[in-house]
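Here is the structure we will look at.
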Amino acid sequence: DLIPSIMSNLLNPDAIFSNNEMSLSDIEIYGFDYDYTLVFYSKHLHTLIFNAARDLLINEHRYPAEIRKYEYDPNFAIRGLHYDVQRAILMKIDAFHYIQLGTVYRGLSVVPDEEVIEMYEGSHVPLEQMSDFYGKSSHGNTMKQFMDIFSLPEMTLLSCVNEHFLKNNIDYEPVHLYKDVKDSIRDVHIKGIMYRAIEADIEKYICYAEQTRAVLAKLADHGKKMFLVTNSPSSFVDKGMSYIVGKDWRDLFDVVIVQAEKPNFFNDKRRPFRKVNEKGVLLWDKIYKLQKGQIYKQGNLYEFLKLTGWRGSKVLYFGDHIYSDLADLTLKHGWRTGAIIPELRSELKIMNTEQYIQTMTWLQTLTGLLEQMQVHRDAESQLVLQEWKKERKEMREMTKSFFNAQFGSLFRTDQNPTYFLRRLSRFADIYMASLSCLLNYDVNHTFYPRRTPLQHELPAWADRTSTFRVPLLQEAQAK
């Protein structure tokens, strides 16, 4: 009976979602990352990165040529996963540092729950073993969290090489493997392999997005100042922006900074800006002012603030990397932040399907029955309860597979938010699938976070008069 009413109030994949109340009327300056913020890439890019890094492993790190048989699988990994560097295990962890059993992979094979529990003495990962502030494995942390969209081919390559060594009984040091794969992925960027390939065939790798220009033009028409801070090089950004925005793209930005080396850009006070001329040559002039139409390299945020005076909550910066793009800005500098989460659109579309809604509605109902009926301790009732628990476990596995067969949703484990969502909620005031979502809102719009009930504000399952419904978004349907 609930299904039709839920189906008439579907979630809007083009909406902007708020973690913190924020009014766009207070925003005078808009800042942007480049990759996966202003520009989106086709599925071919991750295949390119995977293949190039795999070949570097073979040619420069002397890995077995047989790993060339492995090809990139875009459906294997999701963002936000943790990798145990010393055990060579990829896994999904929730907001409370608990491993989601059934999502632990050694190579390309799932690790049985019993083995995971024995390995970690339960399913909890202690704080000292978790990744550091930026998701890295350093200073004694044994976990690395993959937060970057570019890290999807890295996770897949790690798993493929691990799989080859395990299947062929090759003895190896997991820490060395992790470092070699990390270095190979890094070299695909640093050595310019990725940049040259994209520049040589822009139409193949860049998804043309006329809405990017529409967003920038809308903000410019309303007198908003705009700046770009990216880690990508000057010529690469120029060709990409010329393709998706137009040759005059620099006229829309008040400041353009390339090869910024975020997150160091936000913390290192020592590096001065350098101007890049039209030929891409670095000039040695001392920078006293960041001029419109010019491109600058490196620098640091403290010098940026000094030269522009753009401080505090009147600045809104958008990026796809929750740590490198957003964390320092919101914690140390008081800027407002917007996260670009491309996966959001596809997950919301899945959540709008009748199959998902029906499965989740029954799963919630079954959970309520288990809580309510557990008071019956007789043998016959306990048999029924065990059957319900078995069915609940099967339905959870089905729900996971709606999103990704191995790891499920980017945002949820079985019942808890993921560690990824925990960090997203902390470091992003608003989040959306793409910048084009801004076109659906007035420049003075105020985003109000939904008041989600705390656990003690809700009645127990036994006291509820109706089954919990999935979150609704009625405004889009009204439009």
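Cβ atoms are placed via backbone N, Cα and C, with glycine included.
According to TrEMBL, the protein carries these features:
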ACT_SITE  Asp33  active site, nucleophile
BINDING   Asp33, Asp320  Mg(2+) binding site
ACT_SITE  Asp35  active site, proton donor
BINDING   Asp35  GMP binding site
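For the pair the residue listed as 'active site, proton donor' and Asp320 (Mg(2+) binding site), the Cα-Cα distance reads 8 Å.
Cα-Cα distance from the residue listed as 'active site, nucleophile' to Asp320 (Mg(2+) binding site): 8 Å (rounded to the nearest whole number).
In this view, the residue listed as 'active site, nucleophile' is surrounded by 24 other Cβ atoms within 10 Å of its Cβ, with every protein chain counted.
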